[in-house]
Amino acid sequence: MIPLDRILVSGALLLSLQIAQATEGRTVFTQGGQNPAAMACIGCHGADGMGMAAAGFPRLAGLPAGYLSKQLADFRSGSRKNPIMEPLAKALSDSEIQSVSAALAAMPTPKTPVVRRQQMASSPDEKLALYGDWSRGIPGCVQCHGPGGLGVGEHFPPLVHQPASYLVAQLNAWRDGTRSNDTNQLMVGVAKALNDEEVKAVADYFANRIGQEGTQ
Amino acid sequence: MTRFMLTLLALGMGNAQAAQIVMEDQSQLKVLPASAAAAFSPPAESELPDNAFGKMVREGHALFVDTRRLMPNNVGNGLNCSNCHLDQGRMANSAPLWGAYPMYPAYRKKNDKVNTFAERIQGCFQFSMNGKPPAADSPEMTALSVYAYWLASKAPIGVEMPGRGYPDVPQPAQGYDFGRGEQVYKDQCAVCHGSHGEGQSVANDYVMPPLWGKDSYNWGAGMHRINTATSFIKHNMPLGKPGSLSDQQAWDVAAYINKHERPQDPRLIEGSIEKTRLKFHANDGVNLYGQKVEGVLIGQGTGK
């Protein structure tokens, strides 16, 4: 049997570690990392972490911690390219990546309606989002990203409440190869099968239609 | 007794009848090889008439893609029809409804019986969805049948069309291997279906279906056959990348998935796995029910 005092001590240690991590995560978010090149997230992603639509900066609040830390690691390795984020991710320590990812994941997000796959699609963009176009091997976005684009687990991030400009940029990054960090190349084939109009249409579908419904 | 009570009683009796297994024979169909190009295309949504028929097609479609939520009394696990019949029942080589509907009523030698399309759908609910089938004359069954009929518009009756069912994948010379299958599963399937086949949920509803365990298809479902699961996987998985696994990989991973426990075969005879094996599994494709794998008897069920 482990003595009670030892359990208490290790419990307290764990708790203080968690508090330290949460503090570090908030600090990186609001003030940046130890290295001055690791700029604060808040500058581009907003005080609420919901991104900046006009500039195409994505929402980070409420994204899964595993997804966020993988993206930072991928900016370091170059499998996801971005002139701002690559040097920034390299300037963050491993511990800072873990703690800022956890802090971002814990941030509140607006309520999102759960849009079911139930009705037949009434427009081509709704058809792509809900059911895809299997004649070209394109699954419906929600089949992996969940009902209403809420996101599923740590591999399939939310699409809802992301700026349309960001979603368009990501789909195009897969098309031109500047983003190649998708698990089992699940996105690259889908993105390459879409044309310019469709990229814009599905991005608008999740950013505007569902996003606006969610803020009502 | 009031009319209301009578209706309740009738509903109760309907349920009792539904608990019987009307389509006992779940053995596999003969399907054309995948090399035969599927020429049939089902009608587009825009072709639906704006009348009572069109409305019922839409109702059937809703039941087909959101089955678990709309028919909670009939679905006993985490699956929807559209999990095994991709693209809303439209996709060739994914057991499309347009390939199935024109083949019923069908005589099956095995049980020496003519089975109707409604009975075939009842089989899906009983086994693949581990639930209680809706009555043949229920509004849900009518809607599902009308949806299937509509998808089969202009298809010939009683003709085995290319693209029907899940085309066979020949068993490789070296058979299948659970260890290799586990590796394929980890590399290709776990990202969606979870490392223990548990699927993934959002807002209390499965997005990616569970492949084994209490919320998956039961030991009586056609998908429990390794050869059938192989065919489904080869032609449809990973989602969006059909045909990307080799025949060997598809066999290995299907065997790995189908050696895991799942709900008991509802046809279980006198509580005996061996009797059930002899009657329903011994001559039904390649399956592990009632056999020992690595010293463990397969087919014990999940207690649900």
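The backbone N, Cα and C atoms fix where each Cβ goes, glycine too.
Together with A:Cys141, A:Cys144, A:His145, TrEMBL lists one candidate of A:Met85, A:Met107, A:Met187 for binding heme c 2, that being A:Met187. When the binding-site residues A:Cys41, A:Cys44, A:His45, A:Met85 are ranked by how far their Cα is from the Cα of A:His145 (heme c 2 binding site), A:His45 comes first.
Close to the recorded heme c 2 site, the chain also has A:Pro139, A:Val142, A:Gln143, A:Phe156, A:Leu159, A:Leu186, A:Val190: residues not among A:Cys141, A:Cys144, A:His145, A:Met187 whose Cβ is within 8 Å of the site's Cβ mean position.
Among the binding-site residues A:Met85, A:Cys141, A:Cys144, the ones whose Cβ sits under 8 Å from a Cβ of chain B are, in sequence order, A:Cys144. A:Cys41 (heme c 1 binding site) and A:Met187 (heme c 2 binding site) have their C-alpha atoms 26 Å apart, to the nearest angstrom. Taken residue by residue with DSSP, A:Cys44 (heme c 1 binding site) is part of a helix.
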